[in-house]
Amino acid sequence: MEPELEHTLPGTLTWSHSGGPESQEMDFLEQGENSWPSPAVATSSERTCAIRGVKASRWTRQEAVEEAEPPGLGEGAQSRPAAESTRQEATFPKATPLAQAVPLAEAETSPTGWDLLLPDCAASAGGSSTGDLELTIEFPAPEAWDCELEGLGKDRPRPGPSPQAPLLGLSWDDELQKPGAQVYMHFMQEHTCYDAMATSSKLVIFDTTLEIKKAFFAMVANGVRAAPLWDSKKQSFVGMLTITDFILVLHRYYRSPLVQIYEIEEHKIETWREIYLQGCFKPLVSISPNDSLFEAVYALIKNRIHRLPVLDPVSGTVLYILTHKRLLKFLHIFGALLPRPSFLCRTIQDLGIGTFRDLAVVLETAPVLTALDIFVDRRVSALPVVNESGQVVGLYSRFDVIHLAAQQTYNHLDMSVGEALRQRTLCLEGVLSCQPHESLGEVIDRIAREQVHRLVLVDETQHLLGVVSLSDILQALVLSPAGIDALSA
């Protein structure tokens, strides 16, 4: 008998939302009113502000927040239950404890010392409210997705011209020394992964005895890009099945003349992992709901993964899967309640946030197989598609590759990347981009509003200059103020 696609785990979840009115958290992805649980309520039902001594009321679209100090800035580090290790856990470096941050009420300077929003920066503050975000469902149309996965490889071809990097300023270190530059770092240290979890969401789990072909088709049918793998023999989660695995299947098939595609398709997931990925896959990296969002950001960027399972510390059950996009959206929504750092008004070119050199690109005339080679070798999640003049004409992501399975066209990897983009069910008009003169605040607002994972940095003639990704932004807002560079580690 074939195992079910959605594996039901024994046991009862120990983490659940209480039924009281103070804890009925509206999931913004499932509810039409775009409501989130207030982080102040999620971590402490009542929070006394350091300045005026008033309570912050529950925050939704229908309720206004009373004027108060931003949550998490006026008190010491919160005591939380220690996270129990259920899988491999990342080692997190020492960051500035929240208790060492100077409370606003005790500072000798006035509130203007936090570098609040200047009048000339008011335009970049637009779109910071939840009303500007199109927050609908957890899994939007697959064609609008970009892949967020990892990959492995050897040889990389060199398609496309080498883009010119903009002249970068050296002011980012100076900005981090200004008062208020650590406000987002403290916010993410103060709140836990439980705060960012949805009240209700879809979670697809595969048993390792499932055939790999059926698993990939199930991912397409359910609109997911990754699924936890359950080993019934070990009675534990052993990893994640991602689109990277599908890319590796195609890559091995095309690069090995003696291997037939149907032979790989009929393999079980456990066979694929043991034979074809021998020595390549790593133990599952997970996190506890008690751990801070700061640790979640570090684990995602440090391990170069795009899915971080939240495991129950007692039962080991997967409760939720955190992503870069979920964390930035959480920070973007509640960041409107925090003092606005001055660096949000600085331009991308001045701050140097993003990737500007040694960019992975692909020519629109190159075959899809060339794009697969770059995905495997460079471990990137998307490739800017350029023409012979170096102008950006599209964006080919890892998730576009799995469309080959949905359309039964994965035997035709010799088609051009441009043709593959035109065959997508959903044809996107243009490429979401930004320019060097735009401020960091404007870029963050656009990424959150459009629900994308990156913006392509171009000049006035649409020539490629760089890429600004979610990892770049989270590194700058959360980890850099703590003196941590997880991107280069």
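Just so you know, glycine gets a Cβ as well, placed from its N, Cα and C.
As annotated in Swiss-Prot, motif 'AMPK pseudosubstrate' covers the listed stretch 293-314 rather than the other ranges in 183-204, 205-226, 293-314. Binding site for ATP 2 per Swiss-Prot: R225, R307, S397, R398, F399, D400, R424, L432, H453, R454, plus K325 from the candidate set K282, K325, K329.
Of the residues V285, V361, Swiss-Prot places V285 in the same ADP 1 site as M240, L241, T242, I243, T244, D245, H306, R307.
Candidates R225, T242, R307, R398, D400 (binding-site residues) were compared with H453 (ADP 2 binding site); none lies inside 10 Å Cα-Cα. The secondary structure of L432 (ATP 2 binding site), as reduced to three states from DSSP, is coil rather than helix or strand. The most densely surrounded of the binding-site residues R307, R454, judged by C-beta neighbours within 10 angstroms, is R454. Counting only the Cα atoms, the space from S471 (AMP 3 binding site) to R454 (ATP 2 binding site) is about 9 angstrom.
For the binding-site residues given as H306, K325, R398, R424, the lowest number of other CB atoms within 10 Å of the residue's CB is seen at R424. Across the residues annotated as binding ATP 2 (R225, R307, K325, S397, R398, F399, D400, R424, L432, H453, R454), the widest Cα-Cα separation comes to 25 Å. Candidate binding-site residues: D245, K325, S397. Nearest to A382 (AMP 3 binding site) by Cα distance: S397.
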